[in-house]
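Below is one structure, written out as structure tokens; comments come after it.
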Amino acid sequence: MKGFKDWVFALSNSMASSRPLLGSDPFFRDPHQEQDNHSQAPAAPQPVTLSEPPCSTSSDLEILPPLSQQQVPLESLYQSSIDLNGKKHNPLAKIGGLQVQFLRLVQRFGQSQNNILVSKVLYRVHLAMLIRAEESELKNVKLRQDRAKALAREQESSGIPELDFSLRILVLGKTGVGKSATINSIFGQPKSETDAFRPGTDRIEEVMGTVSGVKVTFIDTPGFHPLSSSSTRKNRKILLSIKRYVKKRPPDVVLYLDRLDMIDMRYSDFSLLQLITEIFGAAIWLNTILVMTHSAATTEGRNGQSVNYESYVGQRMDVVQHYIHQAVSDTKLENPVLLVENHPSCKKNLAGEYVLPNGVVWKPQFMFLCVCTKVLGDVQSLLRFRDSIGLGQPSSTRTASLPHLLSVFLRRRLSSGADETEKEIDKLLNLDLEEEDEYDQLPTIRILGKSRFEKLSKSQKKEYLDELDYRETLYLKKQLKEECRRRRDEKLVEEENLEDTEQRDQAAVPLPDMAGPDSFDSDFPAHRYRCVSAGDQWLVRPVYDPQGWDRDVGFDGINIETAAKINRNLFASATGQVSRDKQRFTIQSETNAAYTRNFREQTFSVAVDLQSSGEDLVYSFQGGTKLQTFKHNTTDVGVGLTSFGGKYYVGGKLEDTLLVGKRVKLTANAGQMRGSGQTANGGSFEACIRGRDYPVRNEQIGLTMTALSFKRELVLNYGLQTQFRPARGTNIDVNINMNNRKMGKINVKLNSSEHWEIALISALTMFKALVRRSKTEMTEENEEEKIVNFLVS
């Protein structure tokens, strides 16, 4: 059995197939109100007592006399077994009465019951009844439809009871498209004022009348203004007044009128379609019929030759439908189209009705399509298909990736103070802090000038430069030790609460200027953004946009940083960046606070992060405590909470760090993240071996292994990172990553100030890559050309 959504969009390629049941937008009727106030089922007369009382519903249907010899109320004909047990308001019985009314109108408008449009409406009504019917009623649904056809023929031929069916139609469109003229053509008499030179309708008014026994009420509205600088405000005011007017009594059908001869590929009413969608919601298009006026105008091509009428109409309708799809952000909708001509000189048939160039009499078709829309809308109200279908892009269903959140959570290490890096270096230097510096024990060296250096042999030059490099390393190590002693002494003085510990006010100094152009262009405004570092611990800088326009400011955001040591044990820092352009607005901020206790250097840390992701914001809270369990061992426990897209993700982790001597650092952690009914587990192990001259020379090699488990899948990742100096003036960085899914990458970065041959190797590699790419593109073009030639031949 098809679901409701399949029922709505199953037949979307024809004129009637676009009639899904109305949406749940407040613009449309409330189903309870519709049942109480606007139900179209005729009032049931007093039932005729039969000679023998029925025993059941099925036996009652079998012993009924011919329809021409009785007057049986519709409610009794379509009652189900549930109604016989006491329910008076059965929606299936009311739909049965609605079917009879629809079939009577089919005959009245001269349509055959075998008409494709009639068949599709009946099919949808039948399918809707099957969806809502209970198991005991399924057998009677088909029987009701057959009885409805027979009863409709009988009632329409006899005219008893009188048809009680009404239409309430809202008319929308620009000024001058023929809204009032179309209303007059439907009634066959002037009921609404028209004027060819000025707007004929300046206020909302209802025009009522009867067409073929159907009570029709048109809600005529003021025309929308053409596109201009002030039209949007005026059109919005008109639409808001219309929305207030139809709020109490919503229309059954919406007509959107436009001139067929004024539509081209440069359709200028897209902003109007967007405005209608914004005011009423996308659901208004679910029961909207596109009415094209001036449909009998002469059709000519670009060269003045006549074109096929059907293709002429189809092209223009495709344009309008395309922009409606863009306005509602949905391509499933296909609105039905009605072609209308109101000019007195239009061709007429013997009955005096307007005939279009394709031979169609548009007035009966107009009424019949409005009836189909009304019937499907009433079925939706009676069966209470609410929130079953919607137009536009679905609501954001983006969910965060638990493995990604867990990976970020495990890597994130909370700050424990402003001098966190300095503390780690001090621990390494304290081991040999009291020893005499090796630099002071070195013999003096004579620095050679350029002329003397050139006279040395190649081996002597190498020995001389190596000696200078060695002395430079020892000198830098001596400076680090002196800095470490200074910080240690300041800490001792601070702990003794001496007055000399007050920090001196730092003088404001200008920061280095941002990179400017090579030329001295006076129009370049970089001088307006010079940054100053003052003693207030706030740093404000613009964010540079590398893709900016020439002679433009080139900055599209602002960056703010601050860090403060509130007291001896409390440290706080905050970083924020805001960027905005015409397409998006991005924000990133990080806030950290750390409190340190002297007991085993225990540190409590808290971090709050905010980051934009598309149209959503990601909030992240993380807290943890770090405790030095042994002299060279530190344990860290942390918890985290992340909010994204209205969902929350909670995680926890345990991390342990061990220092082995001066050069080996081992780190292991494990954690878990939960959210949205899912769980991700992971952990990592890292071993870092530092160089002999660390931290003066940042030479080290690191081995990492991470494991993530999610939905019974395990992903292992192996990594190798190394930085070393194979020779003086040459640095090499290697980064290798691989996983158990046979995926990975290798990055090698080489930097040298002496070996210029490396630049030639890089240039040759890039040249070969460009040549290979051009050959690939030429091969693809040749293959495409061969395929085209083969198809043509």
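Backbone N, Cα and C define each Cβ position, glycine as well.
Taken from Swiss-Prot, the feature region 'Disordered' applies to 22-59.
Swiss-Prot lists 27-37 with the feature compositional bias 'Basic and acidic residues'.
According to Swiss-Prot, the coiled coil annotation covers 130-157 (among others).
The domain 'AIG1-type G' annotation in Swiss-Prot covers 164-394.
Summarising the annotation, Swiss-Prot assigns region 'G1' to 173-180 and lists sequence analysis as the type of evidence. Here the region 'G1' (173-180) has long-range neighbours at 192-194, 199-201, 220-226, 255-259, 269, 272, 291, 293-294, 340, 342, meaning same-chain residues at least 6 beyond its ends whose C-beta is under 8 angstroms from one of its own.
Under DSSP, Pro199 (GTP binding site) is assigned to coil, being neither helix nor strand in the three-state scheme. The Cβ of Pro199 (GTP binding site) has Thr175, Gly176, Pro222, Gly223 as same-chain neighbours under 8 Å, each 6 or more residues away in sequence. Swiss-Prot lists 176-181, 195-200, His294, 341-342 with the feature GTP binding site.
Here Swiss-Prot flags Ser180 as Mg(2+) binding site. Every protein chain considered, the tally of other Cβ atoms within 10 Å of the Cβ of Ser180 (GTP binding site) stands at 24. In the three-state DSSP scheme, Ser180 (GTP binding site) is classed as helix.
Positions annotated as region 'Homodimerization' by Swiss-Prot, on the basis of similarity to another entry: 195-198 (among others).
Annotated region 'G2' per Swiss-Prot: 199-203, in sequence order, evidence recorded as sequence analysis.
Annotation comment: Swiss-Prot describes 220-223 as region 'G3'. With DSSP states grouped into helix (H, G, I), strand (E, B) and coil, the region 'G3' (220-223) comes out at 0 helix, 1 strand, 3 coil.
Look at Swiss-Prot and you will find 259-264 (among others) tagged as region 'Homodimerization'. Looking only at the region 'Homodimerization' (259-264), the predicted model's pLDDT averages out at 84.
Taken from Swiss-Prot, the feature transmembrane segment applies to 279-297.
The region 'G4' annotation in Swiss-Prot covers 293-296.
Annotation comment: Swiss-Prot describes 410-442 (among others) as coiled coil.
The feature coiled coil is assigned by Swiss-Prot to 477-503 (among others), with sequence analysis given as support.
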Residue distribution over DSSP helix, strand and coil in the region 'Homodimerization' (259-264): 3 helix, 1 strand, 2 coil
Three-state secondary structure, which DSSP defines for Asn342 (GTP binding site): coil
Candidate with sparsest Cβ neighbourhood (10 Å radius) among Gly176, Gly178, the listed binding-site residues: Gly176
Per-state residue totals over the region 'G4' (293-296) - DSSP helix, strand, coil: 0 helix, 1 strand, 3 coil
Long-range Cβ neighbours of the region 'G3' (220-223) (under 8 Å; 6 or more residues past either end): 170-177, 179-180, 183, 192, 199, 201-207, 238, 242
List of residues, in chain order, with Cβ under 8 A from that of Asn342 (GTP binding site) and at least 6 apart: Gly178, Ala181, Thr182, Asn184, Ser185, Thr293, Tyr354
Cβ contacts of His294 (GTP binding site) (under 8 Å, same chain, 6 or more positions away): Gly178, Arg259, Leu260, Asp261, Met262, Glu341, His343
